[in-house]
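Accompanying notes for the structure given below.
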Amino acid sequence: MKGNKITYFSISTAFIGTLIGAGFASGQELMQFFGRFGAKGIVGSCLTAFCFSILGIIIMLTARNMKTSSYEEVSVPNVKILKVFANSVITFFSFAGVTVMIAGTGSLFSTLTGSEEFVGKIIITIIIIITTCFGTDGLINSFNIVVPVMIAIAAIAGTVGYLSGIDALFYDPIKFHGLTNNWFLSAMLFVSYNTVIAIAVLVPLGVKSKSKMDIIGGAAVGGIILGSIGTVLCFAIVKNFTLVYKTDLPMLVIAQHNNKFLGVTYAFVLFSGIFTTAAGLMFALVERLYVYNTKITKNKILISMIIGLSALFCSRVGFTKLVSILYPIKGYLGFIILSFLFYNYIKSRRIKAHIK
């Protein structure tokens, strides 16, 4: 993508692709943050569509108003200690996200083949390192290709899973360690950590977008589709809760339970979701480290390999445990980052109005 040529379609697919990773597409995040609350959780998943759209617009408009592709400048006021805090949190978010995606690939590979998880982890690590080395073009092009297919298959699998499910929509919340027992707070934590993850990818897109309307359209479409797909998958999880609540990959189990071909097809969706999210987060990390202008960080291939191998090592903790422990922590920290973002958004609008 050269110049300011990123359209609403590319923005929406990048938004979706960044967030529909292992935890989302597998149903593990959706089960822990929504499905365990039954019908109330489904209401919470519906709210995410609105929240994702609004926050996506705010992130990219702030970047456009400030004319910066630095997520640090967009997400935190110009106060040194706050910048250090925000940068540390967002860097942690991005690295933790890559780690979870690699762990998710291990679970997927093991479920499908019965082989060791480590083989799948190595495969995805190599793929995301190669994709990151191609920069923005490689990232956006990969999103444009795989995201529409992912959406269609996920919608079909979710619908089939809901129609074939036998469990009731209403039941008492099931307790998972590390999570709140309030459905609304759980939904807001989900929005919080996912949005902060997306900041690093959306900021450069906001600056490179064709127009303000492309930003609004791209974020609105991306947010609505994310929320809608999440809700469809939540319906399927709730209706099959007794079948999946102890599994690593609930949506894959539901798909396999209904139809062998659907199971194989959904495995493609899951792998694609892992790939797009991991590639987006890796790209954001490499771009962030590049600005430090050292011999190591200026070598994007080398720094991509260092990040990828480090995440591969940390992924040994396990997929479900990483989601249940890391994501709620990221959600609470994300509330702080989002408050900084709102401050910068209001400030950037005032400055822009004053210049006019």
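Note: Cβ is positioned from N, Cα and C throughout, glycine not excepted.
Given the structure is predicted, the values throughout are model-derived calculations rather than measurements.
For reference, TrEMBL has these:
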TRANSMEM  41-63  transmembrane segment
TRANSMEM  84-106  transmembrane segment
TRANSMEM  118-136  transmembrane segment
TRANSMEM  143-163  transmembrane segment
TRANSMEM  183-203  transmembrane segment
TRANSMEM  215-238  transmembrane segment
TRANSMEM  266-289  transmembrane segment
TRANSMEM  301-319  transmembrane segment
TRANSMEM  325-346  transmembrane segment
Could you check whether the transmembrane segment (41-63) and the transmembrane segment (215-238) come into contact, where contact means at least 3 Cβ pairs under 8 Å with the two residues of each pair 6 or more apart in sequence? yes
Mind checking which residues of the chain, 6+ beyond the ends of the transmembrane segment (143-163), have their Cβ under 8 Å from one of its Cβ atoms? 9-10, 13-14, 16-17, 20, 25, 225, 229, 232-233, 235-237, 239-240, 251, 254-255, 258-259, 262, 265-266, 268-269, 272-273, 275-276, 280
Please indicate, using numbers and ranges, the residues of the same chain that are 6 or more beyond the transmembrane segment (266-289) and have a C-beta under 8 Å from a C-beta there. 14, 17-22, 24-26, 71-72, 87, 90-91, 94-95, 97-98, 101-102, 104-105, 108, 112, 124, 127-129, 131-132, 135-136, 138-139, 142-143, 146-147, 149-150, 153-154, 157, 197, 200-201, 204, 249, 251-252, 255-256, 297, 300, 303-304, 307-308
